[in-house]
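Listed features, source TrEMBL:
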REGION    1-99  region 'Disordered'
COMPBIAS  49-60  compositional bias 'Low complexity'
COILED    109-207  coiled coil
COILED    267-374  coiled coil
DOMAIN    374-708  domain 'Kinesin motor'
BINDING   466, 467, 468, 469, 470, 471, 472, 473  ATP binding site
Ligand SMILES: Nc1ncnc2c1ncn2[C@@H]1O[C@H](COP(=O)(O)OP(=O)(O)OP(=O)(O)O)[C@@H](O)[C@H]1O
């Protein structure tokens, strides 16, 4: 809102004091209707508006104030007017009002009212302008605010982009560095190979040159020597012949002289001399022949020298050939390098593919396991043993040739409501039923998938439940039982996974839970029932450790036999004549598998627990006393606790209390029974009639477990790319 107009004050101004009437600016002029004469009348001073007056229109707009009325050319309010009327009237200065007589009060009043009206209109116009200016200003402020917001957003985007750019630059620099190192390595290798090749070529060339030089030297030395010798021989021969010829000539001349003197002497002497001359001529002829022979020999040497020259040429050609071979070798080296690079790239791609396939396999494997359910129940009926002479119960396997999931136990004869004697049929169905003829190998085939899950980072628990003598130990710990087979499979799989970057360490513990205390089956037999061991859980890593127990690193699969034998020995020491220790305690084989992937940095920790439970036969408390009573109580307690834990897990209530702590066995297996695990229970059945009641009890318990479903398993993966890939 513009402020109210300020009270009009009178301000002394030069223009007001100027007596020249021509210097006044009338209201008409202020309103823009007045036209100033272009030429002032002679003797008047033309009036220039003061600086304040020149600046006023814009400043009043900016400030949103009504225009100031001080200064020349602005009307004065009547109040101010009244104070100065006399003086102004006398001086003739002020607003452009007609001069009135003193008595014309009405006229004067009218003039003042006109002036006031004009002022009001002007003030209203100015106010309107101020209002518009204000709106404009507000709009500008709004725009400025929008621009400021945009600018801030842009600043943030720029900072973000700069940060990302820096990161990208750093990454590029790192990559460039790696590339440069790679290049330098390759260059070095290439230079090294080139240098070696060059050295070899140089060496070859040098050897050839030396040989050639040697041949040339020998040849030139020999030919020079031969030439010298021949020349000397020829010269000697020539000299000798010339000497001889000269002597002969001289002799002939002397002889001729003598003969001429004796010409007339006897003709006989003349003939003799002639003959001598002929003999000399014959000698000369022979000498000539020898000279010819020498010439032939020289020609022969020349031929030899030509042959040597052609050999030299052939050697030169050979050198050129070797040089070309060197060049070709260089080219083929480059080709080989290219091939090597391509092969490396291919290997890299294949390795990457393998890793991805392994991830997919794990995912699919887990999905299959989840679909099958995280707690499964298998049933196994052992065969009748040779020494068993009692009658066998009737057990049928209705879908034996199909899915193999059903078992029917025919009960003892009972009297029906109608009074008939009937044999009741007890049908059961499980995830899998194995008959007496099925071997450990077939059984392991079915559980091998679970064993694989332990390698993939899950906690897996396989336990055998059943009465004494039903075949639990045979299934679990015999030489071809589940424990040795699992260890062998894990070892083989770990080996094959090493191609995909995984390396595993396997460590084993073997403990028993006897009378609610833990014993180390790998420790000294003398420590059994004496040394105290505690169970420690780590809720962060979902791992369990037992204090003071022997841990065996299974770096070879055969070590498992040593472990089993040791455990067997320890237990047999503790066994008494009356009681087999294995029937009265639970044994737990704990295999910890820690895998690290050197490519992806993933780390998986899985545990495979293979549990051979104590005999489940219902032991009557009344029949037992002392130590036997204690055993009975603890076995009954731990087995019923196991049932309670499974039932609580199967109730599916979120956050429901699971009574793991109620027994040592369930507490030990806490992380392998809950939602984070995969569980398999074998219910073992004896085929004997005498054991029928116990067999039915076991099968009923197993049915309860079979109807339980435990939540989705999660594997323990640390530092991985994904928590559950
Ligand atoms: N599938 C099978 N084939 C052949 N023999 C078997 C089979 N199952 C068990 N047996 C034999 O039956 C006998 C009892 O088996 P085992 O000792 O495994 O029973 P158990 O349930 O472990 O008993 P305990 O609770 O006393 O340890 C053993 O002599 C064993 O060799």
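Glycine is treated like the rest: Cβ placed from N, Cα and C.
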For residue 469 (ATP binding site), the number of other Cβ atoms found within 10 Å of its own Cβ: 20
Other C-beta atoms that fall within 10 angstroms of the C-beta of residue 468 (ATP binding site): 18
Cβ-based neighbourhood (8 Å from the centroid) of the ATP site, residues 466, 467, 468, 469, 470, 471, 472, 473 excluded: 382, 464, 583, 615, 684, 686
Residues satisfying Cβ distance under 8 Å from residue 471 (ATP binding site), sequence separation of at least 6: 380, 382, 684, 686
Most crowded position, judged by CB atoms within 10 A, among 467, 470, 473 as binding-site residues: 470
Contacting binding-site residues for ligand 1, chosen from 467, 468, 470 when the Cβ sits under 6 angstroms of any of its atoms: 468, 470
Collapsed DSSP category at residue 472 (ATP binding site): helix
Spatial neighbours, same chain, of residue 466 (ATP binding site) - Cβ under 8 Å, 6+ residues apart: 472, 613, 615, 616, 682, 683, 684, 685, 686, 698
Whole-number mean of pLDDT values that fall within the coiled coil (267-374): 82
